[in-house]
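Visitor: Below are the structure tokens for one structure; questions will follow.
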Amino acid sequence: MTKVVVTGAAGRMGTQIVRLVRATPGLAVSGAVERAGSPAIGKDAGTLAGGEPLGVAVVDDLAKALAGADVVIDFTSHEASVRHAQACAAAGVALVIGSTGFTPDAKAKVAEAARKVPVVLSPNMSVGVNVVFELVRQAARVLGDGYDVEIVEIHHKHKRDAPSGTAVRLGEVAAEALGRAPADALAYTRHGILGERPPWQIGIQTLRGGDVVGEHTVFFCGEGERVEITHRATSREQFARGAARAAAWLPGKPPGVYDMADVLGLRGGK
């Protein structure tokens, strides 16, 4: 039985993950963590998730929950995820990170922790989205420089980072497939008199409103035709399912940074 600690256990994603982990054969919730001062501290993680008690009380310090754990699932913030990665590295516990908004410095700190333990770092745990990453890669390679690439994403009004980590990753995938440096190619939310669109540019536009779980469309705009690849998330459950799948796959892997393509076998695994 793989023992799983869930951070952010009282949040929207955390409660979904607790429910999915307890329903997944071979996985068990062994720990639950929330921020200091949360009203969830001391409460049962199973009850908070809307189910029967698990006998797992929510604590305010990840280190307290790591004893005997095999893997941590972390959907919090990139700042908290860095601290959690460092705690997991110190304890020798694998880590699945679904947080977004990572800065280069934060990613470097996660990579440093991954020198000691295996880490899955993915901006989107959905199986469907990770298939879309591969479809975009293939489309960019086949269509080439004759098609302009644009990305539009929309999420609920409570999402704090923009653009989404998934939109950025879609842009990176397209840029890499076209032989462009993502740092140079990606352009965000245009405004003003900018002149003609540079042919090497990949635009990313952000929308926020309502209760939209998540939608991403990649446009390949050519002369006389347009190809669109779209993914629509209608429930957070599919993110939790992907995270549970990653948690079952990761323990026992060599230290290093993995992503969902590795988990799903979409390319040669590490």
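Cβ atoms are placed via backbone N, Cα and C, with glycine included.
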Visitor: According to Swiss-Prot, GLY8, ALA9, ALA10, GLY11, ARG12, MET13, GLY98, SER99, THR100, SER122, PRO123, ASN124, MET125 bind NAD(+); so which of GLU34, GLU79, GLU150 is the extra one listed there?
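Guide: Same NAD(+) site in Swiss-Prot: GLU34.
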Visitor: Could you check which of the recorded positions ARG35, HIS155, HIS156, LYS159 is the closest Cα neighbour of SER99 (NAD(+) binding site)?
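Guide: If we rank ARG35, HIS155, HIS156, LYS159 by Cα distance to SER99 (NAD(+) binding site), first place goes to LYS159.
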Visitor: For THR166 ((S)-2,3,4,5-tetrahydrodipicolinate binding site), what residues in its own chain, 6 or more apart in sequence, show a Cβ-Cβ distance under 8 Å?
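Guide: In sequence order, the residues whose Cβ lies under 8 Å from that of THR166 ((S)-2,3,4,5-tetrahydrodipicolinate binding site) (at least 6 apart) are THR100, PRO123, ASN124, VAL129, GLU153, GLY214, HIS216.
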Visitor: Taking each of GLY8, ARG12, HIS155, LYS159, GLY165 in turn, which of these recorded positions have a Cα lying within 10 angstroms of the Cα of ARG35 (NADP(+) binding site)?
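Guide: The recorded positions passing the 10 Å Cα test are GLY8.
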Visitor: Rounded to an integer, what is the Cα-Cα distance in Å between ARG12 (NAD(+) binding site) and GLY165 ((S)-2,3,4,5-tetrahydrodipicolinate binding site)?
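Guide: Here the two Cα atoms are 18 Å apart.
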